[in-house]
Amino acid sequence: MFGFFCSLVSSLSRWFLWRRLLLLLLLLLLNLPLQVKFAMLELHSFKCPAGEYWSKDVCCKNCSAGTFVKAPCEIPHTQGQCEKCHPGTFTEKDNYLDACILCSTCDKDQEMVADCSATSDRKCQCRTGLYYYDPKFPESCRPCTKCPQGIPVLQECNSTANTVCSSSVSNPRNRLFLLLSPLSVLIVSVVVFRIIRR
């Protein structure tokens with residue numbers, strides 16, 4: 001009885017092994033045409049001249065900025081059917097996209113400086129009183145720094161740069177000294193001039 005059981009387990013194991021091998025072989029065979037198709041696409045896409053793209057076994061001319069490919073060409077080296085970008089979408093360059101790109105939206109702490117058009121995205125900047133904290137992330141607006149009382153502002157805050165404060169304190173005595181220094185030089189010069197003329 002034990003021998004029969006071992007024989008049954010052995011034949012079942014072989015059957016499962018063969019079944020797995022056949023399944024793997026079938027998957028490889030099914031995948032082969034797909035790999036050949038990708039290889040052909042890569043090969044042909046390199047043969048299309050600049051400004052053209054590969055579609056349905058032919059090279060087609062790109063659509064111009066502000067449009068997208070509605071239907072590819074059927075005759076080699078011609079342009080397919082291009083359609084103008086719908087409102088709220090754009091393409092900046094000649095392309096072979098099947099849809100235009102959605103326009104950006106300004107964040108709540110930004111204001112629009114240029115609206116989206118068929119050929120350019122919407123341009124936004126930080127609102128008045130805010131500046132871009134990190135140029136790598138233009139959406140990160142921060143409140144402008146206010147210089148402490150008595151410290152002069154060297155550069156006002158704008159949408160791209162924070163306020164720059166002077167490193168020296170603007171003291172009323174310093175201003176008085178700066179005003180009186182040229183005045184005292186003038187008085188001394190007049191006195192010396194009068195003495196010399198006598």
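Counting starts with 1 at the first residue shown.
Here the Cβ of each residue, glycine as well, is placed from N, Cα and C on the backbone.
The shown structure was predicted, so the numbers you read here are calculated from the model rather than taken from an experiment.
Look at Swiss-Prot and you will find CYS48-CYS59 (among others) tagged as disulfide bond. All protein chains included, CYS59 (disulfide bond) registers 18 other Cβ atoms within 10 Å of its own Cβ. Under DSSP, CYS59 (disulfide bond) is assigned to a strand (E or B) in the three-state scheme.
Annotation comment: Swiss-Prot describes CYS60-CYS73 (among others) as disulfide bond. For CYS60 (disulfide bond), applying a Cβ distance below 8 Å and a minimum sequence separation of six or more within one chain yields GLU52, TYR53, TRP54, VAL69, PRO72, CYS73, PRO76, HIS77, THR78, GLN79, GLY80, TYR96.
Under the three-state DSSP scheme, CYS82 (disulfide bond) falls in the strand class. What Swiss-Prot records for CYS63-CYS82 (among others) is disulfide bond, and it gives sequence analysis as the kind of evidence.
Its Cβ taken as reference, CYS85 (disulfide bond) is surrounded by 22 other Cβ atoms within 10 Å in the chains shown. Sequence annotations record features per position, and here Swiss-Prot assigns disulfide bond to CYS85-CYS100 (among others) based on sequence analysis.
Within 10 Å of the C-beta of CYS103 (disulfide bond) we count 16 further C-beta atoms, all protein chains included. For CYS103-CYS116 (among others), the entry in Swiss-Prot reads disulfide bond.
According to Swiss-Prot, the disulfide bond annotation covers CYS106-CYS124 (among others), on the basis of sequence analysis. Under the DSSP three-state reduction, CYS124 (disulfide bond) is assigned to strand. Cβ neighbour count for CYS124 (disulfide bond): 20 (other Cβ atoms within 10 Å of its Cβ, all protein chains included).
CYS141 (disulfide bond) carries a strand DSSP state (E or B). The disulfide bond annotation in Swiss-Prot covers CYS126-CYS141 (among others) and rests on sequence analysis.
Residues annotated as disulfide bond in Swiss-Prot, with sequence analysis given as evidence: CYS144-CYS157 (among others). Listed in sequence order, the residues of the same chain lying 6 or more apart from CYS157 (disulfide bond) and placing their CB within less than 8 Å of its CB are GLY129, TYR131, CYS144, THR145, THR163.
If you look up Swiss-Prot, you'll see CYS147-CYS165 (among others) marked as disulfide bond. DSSP assigns CYS147 (disulfide bond) to coil, not to a helix or a strand.
Contacts of ASN62 (N-linked glycosylation site) defined by a Cβ separation under 8 A and a same-chain sequence distance of 6+ are given as GLY51, GLU52, TYR53, GLN79, ASP94, ASN95, TYR96, in order along the sequence. The annotation N-linked glycosylation site is assigned in Swiss-Prot to ASN62 (among others).
The feature N-linked glycosylation site is assigned by Swiss-Prot to ASN158 (among others). In the three-state DSSP assignment, the secondary structure recorded for ASN158 (N-linked glycosylation site) is strand. For ASN158 (N-linked glycosylation site), applying a Cβ distance below 8 Å and a minimum sequence separation of six or more within one chain yields TYR131.
The repeat 'TNFR-Cys 1' annotation in Swiss-Prot covers 47-82. Within its own chain, the repeat 'TNFR-Cys 1' (47-82) has Cβ neighbours under 8 Å at 41, 90-100, 117-119, counting only residues six or more beyond its boundaries.
Residues or ranges marked as repeat 'TNFR-Cys 2' by Swiss-Prot: 84-124. For the repeat 'TNFR-Cys 2' (84-124), the list of distant contacts is 51, 53, 55, 60, 62-69, 72, 130, 138-139, 141: same-chain residues at least six beyond its ends, Cβ to Cβ under 8 Å.
According to Swiss-Prot, the repeat 'TNFR-Cys 3' annotation covers 125-165.
According to Swiss-Prot, the feature topological domain 'Cytoplasmic' maps to 1-20.
The annotation topological domain 'Extracellular' is assigned in Swiss-Prot to 42-198 on the grounds of sequence analysis.
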Chain residues in Cβ proximity to the repeat 'TNFR-Cys 3' (125-165) (below 8 Å; excluding those fewer than six residues from its ends, i.e. six or more beyond):
107, 109-111, 113, 171
For CYS100 (disulfide bond), the number of other Cβ atoms found within 10 Å of its own Cβ:
20
For a quick check of packing: other C-beta atoms within 10 Å of the C-beta of CYS165 (disulfide bond), how many?
15
From the disulfide-bonded residues CYS85, CYS106, CYS116, CYS165, pick the residue whose C-alpha lies nearest to the C-alpha of CYS59 (disulfide bond).
CYS85
With an 8 Å cut-off on Cβ-Cβ distance and a minimum sequence separation of at least 6, pull the same-chain contacts of CYS63 (disulfide bond), or say none.
VAL69, GLN79, GLY80, CYS82, THR91, ASP94, ASN95, TYR96, LEU97
Set of same-chain residues at least 6 away whose C-beta sits under 8 angstroms from CYS116 (disulfide bond):
GLY88, THR89, PHE90, CYS103, SER104, ARG122
